[in-house]
Amino acid sequence: MAAFVIDGKVIAAKVRADVAADVARLKEQHGFVPGLAVVLVGEDPASKVYVRNKAQQTVECGMQSFEFKLAEDTPEEEVLELVRKLNADPAVNGILVQMPLPKHMDSNKVLELIDPLKDVDGFHPMNVGRLSIGERALAPCTPVGSVILARSFKDDLSGLNAVVVGRSNIVGKPMAQLLLRENCTVTIAHSRTKDLPDVVREADLVVAAIGKPEFVKGGWIKPGAIVIDVGINRVLKEDGKGKIVGDVEYAAAAQVAGAITPVPGGVGPMTIACLLKNTVEAALMQRGLMRA
Ligand code: NDP
């Protein structure tokens, strides 16, 4: 039987609707509107598109968007000074510095200067550490969105064998931490993993975050497994036109899996939706209004 297709566009729209409802309630009950500041340094075309989409969706959810576009050759100290200003600005609840930064800048230095309570990307070592010890933390958006997608198909992931392929700081590692929090038995696989197909065959839940087109084969998937494909790879079709594919061999995997996310239209739309969700969470934390 063909897998259930987890529709990231629909679920992301629901996350954004929940954010908009939270924002309206905060405005009505507490008289304030959360704000997200996005800092873009340089002219990277993909980053420009991301930043534009983030700003647009922030406003659509009723929040304030503050955009800072700096030239490629901006001195590092100027970016650090901007982050200090945003840290101190009470109208700014979330700060996102779009990566990659130009080569003359130390990305870690910039990220570590962001107030951890405003670190809506969840990349600050304080949030990374808090996530790993099971404390309340702002967690990276793509993994947060991936968990929401998996839970949209099976609410209780407890006890599942989860295999995360990829161990990057922005996807693989936080994904593993979040799945541990969901009480999965988590294996992290990477380029040095032996017998990867056999490792993946054991998984009730597979997360592919590798960056290689259709790398995970349909034949590796355990029948009935949940497959979350984080990969975004641009490939050329036979007619010479470009298309986007994931890290999983979708057509074959969809014949075996219980549920699968498509690419595009799966994890992709969740990332910005979860950024907005993190911004509301950050605003609640800063004002001592956290949900249980
Ligand atoms: P990285 O390149 O930082 O990490 C890739 C990981 O895959 C590494 O841990 C690497 O292992 C592992 N890997 C590489 N080759 C193999 C292999 N042959 N076998 C097993 N593991 C392998 O990528 P990211 O984590 O940043 O991104 C992963 C994918 O997700 C990309 O396609 C990216 O575009 C996409 N992405 C999508 C987002 C979204 O919004 N949907 C957001 C962020 C990323 P090792 O550590 O050993 O080198």
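Yeah, the Cβs are placed from backbone N, Cα and C, and that goes for glycine too.
Values in this document were obtained by computation on a predicted structure and should not be read as measured data.
What TrEMBL says about this one:
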type	residues	note
BINDING	GLY166, ARG167, SER168, ILE232	NADP(+) binding site
DOMAIN	6-121	domain 'Tetrahydrofolate dehydrogenase/cyclohydrolase catalytic'
DOMAIN	140-285	domain 'Tetrahydrofolate dehydrogenase/cyclohydrolase NAD(P)-binding'
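This view paints the features noted in TrEMBL onto the structure.
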residue	record	contacts (Cβ under 8 Å, 6+ apart)
GLY166	NADP(+) binding site	GLY172, MET175, ALA189, HIS190, VAL207, ALA208, ALA209, ILE210, GLY211, VAL230
ARG167	NADP(+) binding site	LYS173, ALA176, ILE188, ALA189, HIS190
SER168	NADP(+) binding site	ALA209
ILE232	NADP(+) binding site	ILE244, GLY246, VAL263, PRO264, GLY268
List nothing but the largest Cα to Cα distance in Å, as a whole number, among the residues GLY166, ARG167, SER168, ILE232 that the record says bind NADP(+).
16
Tally of DSSP helical, extended and coil residues in the domain 'Tetrahydrofolate dehydrogenase/cyclohydrolase catalytic' (6-121):
62 helix, 19 strand, 35 coil
